[in-house]
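J.: Sharing a structure below in structure tokens format, with a few things to ask.
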Amino acid sequence: MATPIILFELLLALSISVALATDPGPLQDFCVADAKSRVLINGLACKDPKLAEANDFFFSGLHLEGNTSNAVGSMVTPVTVSQMPGLNTLGISMVRIDYAPRGINPPHTHPRASEILTVLEGHLEVGFVTSNPENRHITKVLKKGDVFVFPIGLIHYQRNVNSKNATAIAALSSQNPGVITIANSVFGCAPDIPSDILVRALQMDKNLVTHLQSIF
């Protein structure tokens, strides 16, 4: 049977791992990001709080429809610490996503955030895939007002299932959630992943791999 000391050490280790799994918490009222700072830290350096102003905590533009005239038929308008310096250390951000008819937000992950999405207009098919070895595909069709959550780090996507435009808004649990679009990362990285690795890993024809690498 574990001793109280061992149990305490296990609980302490668990609490530390949970704490390190999220954005750093603020140690003052706010920490407006100083984009001009040359200090390199995990996050962004703070500017003098006496110099903070309302515009540091403000963003205008989510009322504007994004341009979906692209290959995937969607556009993401982000509000992260890059657009709103006042988000620094707060552990939150948001995006607006516009979808053309039948448009998709292709499979991607956010390495530093969970995402909760609300449909504002239209109907969206959404889904995510669980980790190995199950690789379970969890999917649902959402209508206006429905809410769906994508757990941190898991591959997920959305698709407009209608012939009309759709709009969603999503909140993310990081000031800088990051995004890894699967196809772009696998076939569009620089330098290329050697084609023989992709051929074996994806069980694809080498000519197809080479073609995909040429278009991403």
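Positions of Cβ are set from backbone N, Cα and C atoms, glycine also.
Pulled these features from TrEMBL for this protein:
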- 1-21: signal peptide (SIGNAL)
- CYS31-CYS46: disulfide bond (DISULFID)
- 60-210: domain 'Cupin type-1' (DOMAIN)
- ASN105, HIS110, GLU115: oxalate binding site (BINDING)
- HIS108, HIS110, GLU115, HIS156: Mn(2+) binding site (BINDING)
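How buried are these features, and what lies next to them?
T.: Within the same chain, the residues at least 6 positions away from HIS110 (oxalate binding site) whose Cβ sits under 8 Å from its Cβ are PHE150, ILE152, GLY153, LEU172, SER174, PRO177, GLY178, VAL179, ILE180, listed in sequence order.
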J.: Here's one to test understanding: among the binding-site residues HIS108, GLU115, HIS156, whose C-alpha is closest in space to the C-alpha of CYS31 (disulfide bond)?
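T.: Ranked by Cα distance from CYS31 (disulfide bond), first place goes to GLU115.
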J.: To what whole number does the mean pLDDT across the domain 'Cupin type-1' (60-210) round?
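T.: The predicted confidence over the domain 'Cupin type-1' (60-210), as a mean pLDDT, is 97.
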J.: Excluding ASN105, HIS110, GLU115 themselves, which residues in that chain have a Cβ inside 8 Å of the centre of the Cβ atoms defining the oxalate site?
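T.: Counting only non-site residues, the set is VAL95, HIS108, THR109, ALA113, LEU117, PHE150, HIS156, ALA170, LEU172, PRO177, VAL179.
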J.: Compare the Cα of CYS46 (disulfide bond) against each of the binding-site residues ASN105, HIS108, GLU115, HIS156 and report the nearest.
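T.: Nearest by Cα distance to CYS46 (disulfide bond): GLU115.
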J.: Counting Cβ atoms within 10 Å of each candidate's own Cβ, which of the binding-site residues HIS108, HIS156 comes out highest?
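T.: Result of the Cβ crowding comparison: HIS156.
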